[in-house]
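Here's what TrEMBL has on this protein:
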TRANSMEM  21-46  transmembrane segment
TRANSMEM  80-102  transmembrane segment
TRANSMEM  109-129  transmembrane segment
TRANSMEM  135-157  transmembrane segment
TRANSMEM  177-196  transmembrane segment
TRANSMEM  202-221  transmembrane segment
TRANSMEM  233-250  transmembrane segment
Amino acid sequence: MRMPELARGPDPRSAAARVVVRGWAALWPLAALTGVVVLLALVGALPRWPGLVHAVALPPVDMYTDLRVLLARSHSEIEFFTALAVVLAVRVVVLCLLTGGLTWARVRFVLLFYLVVGVPLALAAQMGFMAQSLLYSRLFWAAVSLLALVWFGMAALPWQGTTRLRTAFREAWGSGLRIAVLLPYAVALLLLGAVADLRPGWSLLLVPVSAVLTGAAVLALRRPPRGRPGLRLAAAAVAFAVAATVFVATRGGEGYGPQPPERPGSLLLMSGINSGSGRGAIFETEVERLGYGCEQTYYFSYAGEGDGQPRGVAACPIRTGAPYVPRDTQRPLAEQVRAFAEQVEDLPRPLVVAGHSHAVWVAWRAVAEGRHRVG
């Protein structure tokens, strides 16, 4: 006698697998965007730089990356704003498709989201661009801090299931800004960027990896938060405050860093635009930390050669150059280059020049024109 077969219920494992497959399949706009980014990089329309991996990152990091590229590569304001409009349209469409589809209400919501974050992100991108151009670390950290503040405060908004920005903001804060998702994702993205920076040739290959990380974050953000998100946010804020305090407290101070060996030759310090004799940040440089003594240290004067200038806040006496005022820093560049060449002519070699702001261009122009060799 055969026993009757019992009706089998649905296999929970296969059902879960189908849910996962459907979830990843719904990320096709992100996959399409990844293909476009890779293609544009292959044809040279996008630079193959370490930041390329952030072009497919979770918004609004994607817009920050776009702004950095446009600031560096645009040749005019018209070109910049035209390209920005095209890029913004693409970003709006992709984010709409990822968050529920193309409807007028969602388009307005996503566009407003990008416009709100766009202002501080443009400022952060500009500060980052200036920091890289001037090699000015304070601007770099200011840009990073502003980007982190905007991203952690706004990245969860598009995934709240609403098309009203105010409601999304309130619900995002109620869910702890989804810090349990955003923090691990940010760490993974930073590590990926570090790999791209160490191996620039891998940047193109790492774009799909970045897209996979973004896709995983999107799927996690679509699910409701677990546990006590407010408590997690508070814990993350405290940890960040402690880490930031330790970082700032250990940057500098007496005895910071190894004592450099004594260096031969001389050091010329050049202050920037709108400075004056003995008045400017570079005058406060502690030259002994660079391996030089005051007898080896000289200060550039925008007023030309002379027998010395007021010391002001300078770490060492200013024994050469004529006293100058902010107006002198705005003289024609050719005059400044000529003054630089005259003042370095008799300085002991090897000569090291350290310039701040506008002074970098003066020294670079003098060397580029063959006015003098600095070594």
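Cβ coordinates come from backbone N, Cα and C, glycine included.
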Considering the transmembrane segment (233-250), which listed stretch of 21-46, 80-102, 177-196, 202-221 counts the most C-beta pairs under 8 Å:
177-196
Might you confirm whether the transmembrane segment (202-221) is in contact with the transmembrane segment (21-46), defined here as three or more C-beta pairs under 8 A between residues 6 or more apart in sequence?
yes
Chain residues in Cβ proximity to the transmembrane segment (202-221) (below 8 Å; excluding those fewer than six residues from its ends, i.e. six or more beyond):
23-24, 27, 30-31, 33-34, 37-38, 41-42, 48-50, 52-58, 98, 156, 159, 178, 181-182, 185, 188-189, 192, 195-196
Same-chain Cβ contacts of the transmembrane segment (109-129) under 8 Å, 6 or more residues past its ends?
59-60, 63-64, 67-68, 71-72, 88, 91-92, 95-96, 99, 139-140, 142-144, 146-147, 149-150, 154, 157-158, 162-165, 168
